[in-house]
Structures are given as C-alpha cells and as structure tokens.
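**Q** To start, I am sharing the structure in question, which I have written as structure tokens.
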C-alpha cells in the first residue's frame, strides 16, 4: 500500500542527510585502503540518491520548462557559483599560475573525473541533477512501478558492465553522466521505499537487521571473503549483486536510526547539518586543503572543520542575503 506523503518538512530525513554528509566528509579524510573506508562508500553516496528520489514528481514535456527553471538550472547555478569561488580560492591559497587556473575553469565546464582537488566532489551535482530530471520524466511517461523496476534493473546491470567510460570510449564522459546508470536506480529505490515501505524501514527492528548485515559484510570484507567496492566517481564497482541490495538495507537502517534520533539533542544538531548539506558537500575538501597549510591536522579536526566551517559560512551568507534583500545590512539607497 502506498504511504501518503506530506508537504511538511520531515525531520528524520534531514537527520539522515546530516549523518550522510558527515560520512562523506569522513570518507574524504580517512586513510584509504582500509575496510572502514571501503564500507563508508557502500552507502553514503547511494543514500543521497535515494533521498533525492523521495519527492520526485512526474514531469512531461509540457511541464518540462517549469521543472528546468525551478529544479534543474538552480543546481547548475550553484555548481558554477561554488566552482568559480573555489577555483579563485585555490589560486590564492595554492599560489597557482593563471594558466593552471584557466585550465581549472575549463575542467569545471567539463566536470566529472576531470575535476580533482578542491572540486573533486562536483561530479555528484551533475549526476544528481541529471538523474532527477530523467527520473521525473520517467515517472511522467512510465507510471507503472513494475515497468520502472524492470528498466532500473537493466540500467543498473549496464552501469556495472564496463570498467569506466574512458576505458571504453577513450575519454571520460562530461559530468560523469554515465553514472546516471547507477544513480538513477538508487533514486527509484528511494522513491519506492518512501512511498511504499517507509513504515517498515523506519522501524527500530529494521535498524537492528541493517546493523547485523553491515557487521557481517564488514567482517567478510576485512577477511577478504568478499570484494565489495562502490567508488562511484571513479566507476570502481565490483559486485552488482551486493550493490543492488546492501546499500538499500544499510540506508534503510540509517533511516530508522535517524527517526529515533529526531527530536533529541543530537538529532537537532544533525537536522541543522542536514538542511545545509550542499555547502558542506561543496566546501569541505577546500577546508581540508587550507588547514593542511597550517600543519598536519588529525582526522577529527578535519571532519569537524569540514562540516562546521561550510555550515557557518552558509548561515552567514543566508543572513547577509536576507538583510540585503530586506533593505538592511549592505543594502544601498
């Protein structure tokens, strides 16, 4: 039975996003080639694609222009706004040459695996925006859920059927857009979970099951009994069967945990963080690079700063913008 959704903001979703973005920041600063590092990538990127599917509404060609204006283009305005700002910061902090900076701007236009350093996470936005657009159109023209499920299974299999775009074509696809083959099915699963299984996956018992499965997978990975890697940006994807269900179970357990935390002291802080995931997603890598100029910060400092500094700057930016819009701070007569 389909669960009726509401237009009111649902706190546990923001709590889940808060947990997810902390995991993203941790993953970018944690030592690589460890089981814990690998296990973070099993779920933190699928989580955001699943949540992105929660409120997707059908779109058709007559309403496409409105969708592009309201949903699609604003994401790319942020993409280029943050991108140019961080490239200028990179120019100053890293003392780059004008030639390097101009090439960085070119790579920002191309996107995807062309971007590294301060902008290494920008692939997510192009893939997320494109997946959202395609899923909205799919919902508009293929309303039967089982038809969508069959198509998604085929796309997911195709996404795992080749090593990466550059190995097949000789060049990386702009914006990593071939990853839509993997991201779109996760978005569909998120939509289905939210509308048909929300009451199940937010139960405490489901969290217990998810934790148990995660522990079993973690132990098997650490012993070399499985080789489960889900590095989406580099398209290093090793096990489509595990990738098809394990992230779904783990994220479902996280939804249950988030619902349990909602309204608590920790939940309130995670809720604040979850409402500002994009500034943190865009900015945390730059924060890490800047901090490393002043020494060798430990991972706790990097994670806390990677979350709080972009969060603080986002709040300051909103405050200044509201005051300026209201004729107050920085307004001109």
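Start at 1 and count along the chain as shown; that gives each residue its number.
The backbone N, Cα and C atoms fix where each Cβ goes, glycine too.
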**Q** Have a look at 61-78, 205-222 and point to the one annotated transmembrane segment in TrEMBL.
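**A** Result: 205-222 is the stretch TrEMBL calls transmembrane segment.
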**Q** Count the CB pairs under 8 A between the transmembrane segment (145-163) and each of 12-29, 41-58, 205-222, 242-262, then give me the winner.
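**A** If we count Cβ pairs closer than 8 Å to the transmembrane segment (145-163), 242-262 scores highest.
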**Q** Give residue numbers and ranges for long-range contacts of the transmembrane segment (12-29): same chain, 6 or more residues beyond its ends, CB-CB under 8 A.
**A** 37, 40-41, 43-45, 47-48, 51, 54, 120-121, 202, 254-255, 257-259, 261-262, 267, 269-275, 277, 280-281, 284-285, 288, 299, 302-303, 306-307
**Q** Counting only residues 6 or more past its boundaries, what in the same chain has a CB within less than 8 Å of a CB in the transmembrane segment (41-58)?
**A** 5, 13, 16-17, 20, 23-24, 27, 124, 128, 131-132, 135-136, 139-140, 143, 183, 186-194, 217, 228-232, 246-248, 250-251, 254, 277
**Q** Sequence-remote contacts (6 or more beyond its ends) of the transmembrane segment (79-97), Cβ cut-off under 8 Å?
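**A** Tertiary neighbours of the transmembrane segment (79-97) are 104-105, 108, 117-119, 122, 125-126, 129, 279, 282-283, 286, 289-290, 293.
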**Q** I'd like to know the mean pLDDT over the domain 'Acyltransferase 3' (11-314).
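**A** For the domain 'Acyltransferase 3' (11-314), the model's average pLDDT rounds to 96.
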